[in-house]
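Read through the structure below, which is laid out as structure tokens, and then see the notes.
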Amino acid sequence: MNILNPGKFKCIVFDQLRHTWTFLLFICDFLAKIYRTPRITAHQEQLANHNNNNNNNNDLIMEQDMPEEEVGQPEEALPQQDNGEVVDRFNAIQAAVELMDAASDLDEEEEEEDDDVDVDVDYGDTDSESEFEEMYSDEWTSSSDELDEGTELSKSVLNVFLSSDKQQSQMAGQIPMYAFQPLRLVKCQYRDKHIPGGFPLARSGHRIIASNSHLYSLGGYNPRSAMSASRHGRCLLFQELWSYNFATRTWRLELNAGNAANMPVELASNALTIHNNVLISHGGTGYPFGVSCSNDCYVYRTASAGATPGVDRLQVKGDLPTAQYGPGIVIHKHFLYTIGGTTGFDYTCDVYRLDLRTGIWENVYISRPEMRDDPEGRYRHEVVYDGKHIFVLGGGTSHSVYDLQRIPAYNLEANCWDYFETYPDQRAADADDGNRGYPKPRKCFSCVQHQSSTGDIEAFITGGLQGDFSTYFSDIWKLNLRTKHWYRIETAILPRPLYFHSAAHSDNGCMYVFGGIEYIDKEMRRRNDLYKMWMTVPKLSEMCWDAITYYNDNLDLYDRKTLLEAGIPKRFTERLPPQRRRRLDTSQPDPSMLISLYSNPKRARSSTQ
């Protein structure tokens, strides 16, 4: 008689449950029990009821509000609790950790079988309009993280994840219960954790890219900041590279003209990608747009990635591409491919590639649409890649756009262009609106690609505009590159039409959208809002980590040994930034913080005096 191994049985059960909504509800209920409040005062109960009455759960755009500190209330030491209560909570935490460990074990087994070929392709955008963006002046918000420097960190799991009854009551009343919701757009709240100048200002024309732990934003443009930079003789574009840590929801200025001598000046409508945890940019334009273009490649090293910060311009030779902006780039094997772009006057769809081993450029295809069936020249298109073809989505010229129904794709093996007819989403068809189930032709939109659990490559596009600058989009669509089928995401939509923004995705299947120009009531304003959307149901351990960081955005205050002893797997603790030291004087900002050259100096001084 064959007896089922208990360990194998556990793996089978978890594998069957991880993709079910029942188990997701179990996780949410379990987390709620962990953070339950045993004693709530009358004032706290009234505050909780008031907050719950004002909570709107029907919006597609949900804001994860962070708990606010009560003004004027001094920090209190953790009160003594009954041993029974402490033991119960400790057991609850240990159970959650064991669940996360089991999920991590399952994930590691799956990772050995998976051979993901995710390639995130990002490139720049540009615009020549002169709208002005309001400068944010959020005050620095002190939190309970700011304790005396001499206070020793507790290594107990209870002190890492559990707080006093008062703090738990505030958490229960001010933070909605965590709920994992795929294909829902969520606004990331980060401003209350920074002083003015401690996060990127509103911008367009920037590019973002993501690793497992950080989001990176390079360059961009804002006319208001450009005027200030002009008066001081600085670059009129944002000559800076920012990083955003997903776990702590904090921004950090990694590089700028002050600490990186080789920082490029063509930082609008460039292309940005990540390869072996190194950022690579190509092309771009300075300001005024089209007057100064680039065909250089730059490599960026950041402290967030554990490297010595710096920027290097690659030394290349061979048949270099034309200096232009608005191309799309893909890394295939050891080659960097670039397709399309514009000098400001001429538009191309030529294909070049750079051998990253030798630094030699090679022209592999010159498009001649007037002579053969080649795609017409364009910029502000997006490119996605399935290992055999590079698909070119949309894009256009200064007055035209290209459709998303018949898609040109460069064949990497045959060195030619193929065309693929796509299939519509019949649910999204609207005869009155002229929509036949396809996304409308557009440019200046964003696109990321992700490999689903079935192995299919899926491309997600958001926002954009048409060539006449009169129609703007806030919709989100998905294209399956295997079936060539379009699907409109019905559960998520941008809060307002958005263009000249940028998007990126992390390997766990989460998409991020940052910045851009917002169109509302015939007014256009640049933004620095950050949104996230899970494109798929990730691994169970990823959901557990997302829930932990939702309730605890200060894990970087604890040393890694404490977190490992609490049961958090090493691959998650490695996503945290370097451990912060608790500062003695909470009225002064961190001296190691780099302040953006484009911040408002008067507002920055007033908030730190």
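Note that Cβ sites are derived from N, Cα and C of the backbone, with glycine treated the same way.
Positions annotated as region 'Disordered' by Swiss-Prot: 103-146, 576-609. Sequence annotations record features per position, and here Swiss-Prot assigns repeat 'Kelch 2' to 279-334. Per Swiss-Prot, the feature repeat 'Kelch 4' maps to 389-437. Residues or ranges marked as repeat 'Kelch 5' in Swiss-Prot: 458-508.
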Remark   = Residues in the repeat 'Kelch 5' (458-508) per DSSP class, helix first, strand next, coil last, are 0 helix, 27 strand, 24 coil
Query = Over the repeat 'Kelch 5' (458-508), what is the model's mean pLDDT?
reply = 96
Ask   = With DSSP helix as H/G/I and strand as E/B, how many residues of the repeat 'Kelch 2' (279-334) fall in helix, strand and coil?
value = 0 helix, 23 strand, 33 coil
